[in-house]
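Summarising the annotation, TrEMBL assigns substrate binding site to R67, S68, G69, N80, L84, I85, D86. Positions annotated as domain 'dUTPase-like' by TrEMBL: 15-146.
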Amino acid sequence: MKLDVKILDERMRDQLPTYATTGSAGLDLRACLDEPHTLAPGASLLVPTGISIYVQDPRYAAMILPRSGLGHKNGIVLGNLVGLIDADYQGPLMVSVWNRSQEAFVLNPMERIAQLVVVPVMQVTFNVVDTFTETERGAGGFGSTGSH
Ligand SMILES: O=c1ccn([C@H]2C[C@H](O)[C@@H](COP(=O)(O)OP(=O)(O)OP(=O)(O)O)O2)c(=O)[nH]1
Ligand SMILES: [Mg+2]
C-alpha cells in the first residue's frame, strides 16, 4: 500500500523509513534533532520525525511502538506508551521519547528511536442490548483462568 508522506526535514529525503528486512512489520523512525539531547532519568521529550504521513483510509491507522533494543537495554520507550496516528491526521509525526531508566540517555540526531506500524482498523457503531449471548468466559477476566 502506498502511503502519502511529506518531507518536513530535508535530512529525511534520502532516508525515508524502510522495512529493515522483507518480513519487518515496523518502519524505523528517526529523531530529527539539530543536536544531541540528554534525557535525564524519568524525562521525556517530544521529538519530530521530520515527516508527516496521511493514511487517509479510515480502515487503517498507524501506530508508533518502541524499538525493543532501546526499550529493554536502555529504558527508552514512549511517553504515551503507544502512539496512535489517525487516518485523518496530517500534522508532523512526533514521537514522545521517555527515559524510564535510572540513567541519563543521550539522544543523537537522526538516531532510530521508534517504529511505525500500519494496522487495519474497524470502526464500529453501537448496538445497545440488555443481555449478551452467553459465553464460556462470561464476565471472567483479570486472571480468572489461573496462571498454569
Ligand atoms: O505518538 C503520537 C501520537 C499521536 N500523534 C498525532 C497523530 C494523532 O492522530 C494525533 C492525535 O493523537 P491522539 O488522538 O492519540 O491524542 P489526543 O490527546 O486524543 O489528541 P486529539 O484531541 O488531537 O485527538 O496526534 C503523533 O504524532 N504521535
Ligand atoms: Mg484523540
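First residue shown is number 1, and so on along the chain.
Placement of Cβ uses the backbone N, Cα and C atoms for every residue, glycine included.
Structure with TrEMBL features highlighted.
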| residue | record | DSSP (3 states) |
| --- | --- | --- |
| R67 | substrate binding site | coil |
| N80 | substrate binding site | coil |
| I85 | substrate binding site | strand |
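If you compare every pair of Cα atoms in R67, S68, G69, N80, L84, I85, D86, the residues listed for substrate, the longest distance is 26 angstrom. Counting neighbouring Cβ atoms within 10 Å of each of the binding-site residues (L84, I85), the lowest count belongs to L84. Ligand 1 lies under 6 Å from the Cβ of the following binding-site residues, listed in sequence order from R67, S68, G69, L84, I85, D86: L84, I85, D86. The number of other CB atoms found within 10 A of the CB of G69 (substrate binding site), across every protein chain shown, is 10. If you average pLDDT over the domain 'dUTPase-like' (15-146) in this model, you get 98. The Cβ of R67 (substrate binding site) lies under 8 Å from the Cβ of G26, D28, I76, R112, I113, A114, Q115, each of these being in the same chain and 6 or more residues away along the sequence. A simple way to gauge crowding: the CB of D86 (substrate binding site) has 11 other CB atoms within 10 angstroms, across all the protein chains here.
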